[in-house]
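> Copied straight from Swiss-Prot:
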ACT_SITE  126  active site, proton donor
BINDING   12, 96, 197  [4Fe-4S] cluster binding site
BINDING   41, 74, 124, 167, 225, 226, 227, 269  (2E)-4-hydroxy-3-methylbut-2-enyl diphosphate binding site
BINDING   41, 74, 124, 225, 226, 227, 269  dimethylallyl diphosphate binding site
BINDING   41, 74, 124, 225, 226, 227, 269  isopentenyl diphosphate binding site
């Protein structure tokens, strides 16, 4: 049984930055360090940081006064920032810069009084944070998840309207929604550059190429990871069996029956150590040759805050 690895896979620049912020804060300051929401959607990463002294909370009222708190990679609403400032909490912001770009789009629309449509998944923390950038009662912000939502959408002024997107959606699905938006609202403004992040696009392209060569695809990632779920969907659309797994322990031997080629990829929040463990398990189950697809080289780096760029000397 051949094992093929997708390329690129795993951590993106935004995830690297977010984890590094928590990691360095734990090294520099005395724990506990509070993190609002899971810093990234991966159980392995969260458990590792928790063991080192990170305390994950959902709301700031769980954080003691004068504590250090880190905002997750998904971003937060303006009301959360205001509360943190009011309570004199020391903040480190791990919001992905590409999410911040979408926040700025929505903020500009709010200041102009232009209504905004956000394409995203209800309840996802990135969506909650992005919706929370809009605060102009003269306008409005609306969440849509599918072309069907657009049919029943009513806005105040279709001539002053823009749209933005959650960064981790399927590129193809977003294209269909945008097409429907432009058909209903011909004057709608869109971002100058697609909101779907480079890493999401690259990993979706890579998993499609992987699925075309595979009899089975395993996507390493947690079930609450939007981008990991999209990878599993993309592989399935090619016509192969595809499963989302948290770790090698989730692999079922019956999946491998009559499989000659198994493809492996990982969501943007899944560490490479989990991929290596999956490969090791597959080898025990009959895997032999391990190869890696050619893919896009990613060399983007997002810097951590200046206060955390301190070299530790033992």
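Using N, Cα and C of the backbone, Cβ positions are placed for all residues, glycine too.
Show me how these features fit into the shown structure, please.
DSSP gives residue 126 (active site, proton donor) a helix state.
With a 10 A radius on its CB, residue 96 ([4Fe-4S] cluster binding site) counts 26 other CB atoms from all the protein chains.
Sequence-distant contacts of residue 167 ((2E)-4-hydroxy-3-methylbut-2-enyl diphosphate binding site), defined by Cβ-Cβ distance under 8 angstroms and a gap of at least six in the same chain, are 96, 98, 99, 102, 126, 195, 196, 197, 200.
The Cβ of residue 124 ((2E)-4-hydroxy-3-methylbut-2-enyl diphosphate binding site) lies under 8 Å from the Cβ of 74, 166, 226, each of which sits 6+ residues away along the same chain.
When other Cβ atoms within 10 Å of the Cβ of residue 269 ((2E)-4-hydroxy-3-methylbut-2-enyl diphosphate binding site) are tallied across all protein chains shown, the result is 31.
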> Quick one: of the binding-site residues 41, 225, 227, 269, which has its CA closest to the CA of residue 12 ([4Fe-4S] cluster binding site)?
269
> Hey, for the isopentenyl diphosphate site built from 41, 74, 124, 225, 226, 227, 269, who else sits with CB inside 8 A of the CB center?
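The surrounding set, listed in chain order, is 40, 126, 168, 224, 228, 267, 268.
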> According to DSSP, does residue 167 ((2E)-4-hydroxy-3-methylbut-2-enyl diphosphate binding site) fall in a helix, a strand, or coil?
coil
> Going along the chain, which residues six or more apart from residue 41 ((2E)-4-hydroxy-3-methylbut-2-enyl diphosphate binding site) have their CB under 8 A from its CB?
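Long-range Cβ contacts: 221, 222, 224, 225, 226, 228, 269.
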